[in-house]
């Protein structure tokens, strides 16, 4: 009996020890990740970012995705937060409102405005029309429901996926420097900041990437990674018309593919090129024919079953950081642009930044993406510091148009209604704006003043309040047909152990971001009774929950370059942010709730105007079927293609707005495996391009599929396939079609 009792005590002790170790080593958090296709209309819709009326979607470089992680306290499941990263220009207040409503319908109060953060990567190559304020929808001809629905659905689906995937997991944190990922595009404004402040930093941009690594407890398998690093999504230029996640989207695609290895196809055909050519010659184009919608989804290389590794490259204090790292040059002379105004002999349109792959913007996009991916992978592989501690969050709405701000010298100042200066109209070296404006303009010529006053003459209070910014558009005083700019903004702090995430609804410049991070950290340490210390790590999640343009420092504001001219709420905007974030930080440090959630932002969905016409019904020329080739692949004289070549085929097609083929593909590369054709690339791959246009002579739709054969391609027989959707004449019925090119050999 004594032996049995001794054994039983030993078993209990050992079990308790195992339980203690398990709790200490992994059960502190539950983690779930998710990803979903949010690619919007690939034709006719103005892209969000450059405000270029001529930049309308005309195909896909690679697909856009929403990526999410949810972290929950394993001992209290209700204590959790959600972070969503969108391959989009920015978050949208209307998106946030509608997604929160959908989450409430499904989960009750589990997910709400306090613990959900929705952030944008700031790609300038995604469809626009999904924001609710007039200033952000002028070039998209108002609200574009299809754009909005694609993003809203993707956010909801990826949160559902992450929610369903919640499991015990460990979180590791690491930081490191990204080399060659960005430079300051407004260096003269940065120099306006105090010399003693600048001397504390070795660069006029933040090079640090902060990365989280998620590892499943039971399997020991890595399930995802999110990181924050500041560089603009402007590697793709204002002339680009292909939907693209830009450099951060490239980085995410490279990380996910490197981790998941989507293709394991090997050659089953004889390696002799002569035999491959002979085999290919006997396989003709299929001709167009009907298919099911699911056929396009079945052709996807990466099947989204919820098990895929998720990598997100999130945005930070990106305001003055450009990925065009070679610098800005005059396109007429090749000389560097004017330092203070980023113009060429007074012409802002001639000053354009160059990426590392100049003049190939797709190459530049890939190179900047690779630089972020390489850093992220190294940090991921070497991450050894495990995050532990509280999950917490604070959120408040603030009317930024009239905040009383107490400065360090006890002087009380106020913010202003939103306004834009002439430097805004000048654009940046990433995308020059309108002719006749320069960055740093402090006067408005009579012609533009007259046009401004026809829209809305700024009040005397506004002119005084915004000084030294001359008011070109007093958007905060413009309400016809509905508000032109936001007044009420959400600010939010998320805590994950020692990591503090500041959700900001705009683009902080480098120095603005540094000041905000330092202020919040200091507040946490001084009010936290030892709970926070110098190891507390603060990151900024830019363009989150809504969008309110830029936040420059008081000193940068004086020069009125683009970022300052786009700082909506006047010269004390940054001070207001610091004050209001400090209130949240103080409440978090003391374990107190926020006194009041503040005034809710408006839901303007019922007031939105939509001027974009829907896609027309299409039928191909007589005797032609949708999916037939108009121009089949042209073979080189040698009879086969090599790595680096770009075979392409053009198909009779219909407007891709008829169906977005969400989680499907418009284009595919198929490889012959025995007697079967298997998809090895789709339109979510960096090597495959889907381009759509109207034929100038017949006004029929044409889809061109172009494949840049990668270096890792296997010798074999291939063909290109197109999927599409059309609207049946006189009905609302959507039908689906497909067709292939003739086969070709690759050596």
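Heads up, residue numbers simply count up from 1 along the chain you see.
Placed from the backbone N, Cα and C atoms, the Cβ positions cover glycine too.
As recorded in TrEMBL, the features of this protein are as follows:
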type: DOMAIN; residues: 29-579; note: domain 'Neutral/alkaline non-lysosomal ceramidase N-terminal'
type: BINDING; residues: 122, 232, 507, 550; note: Zn(2+) binding site
type: DOMAIN; residues: 581-746; note: domain 'Neutral/alkaline non-lysosomal ceramidase C-terminal'
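Location within the structure of each feature annotated in TrEMBL.
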| residue | record | CB count, 10 Å |
| --- | --- | --- |
| 122 | Zn(2+) binding site | 28 |
| 232 | Zn(2+) binding site | 29 |
| 507 | Zn(2+) binding site | 29 |
| 550 | Zn(2+) binding site | 25 |
Over the domain 'Neutral/alkaline non-lysosomal ceramidase N-terminal' (29-579), what is the model's average pLDDT?
96
Using the CB centroid of 122, 232, 507, 550 as the Zn(2+) site centre, which other residues of the same chain sit with their CB within 8 A?
315, 318, 319, 321, 506, 542, 543
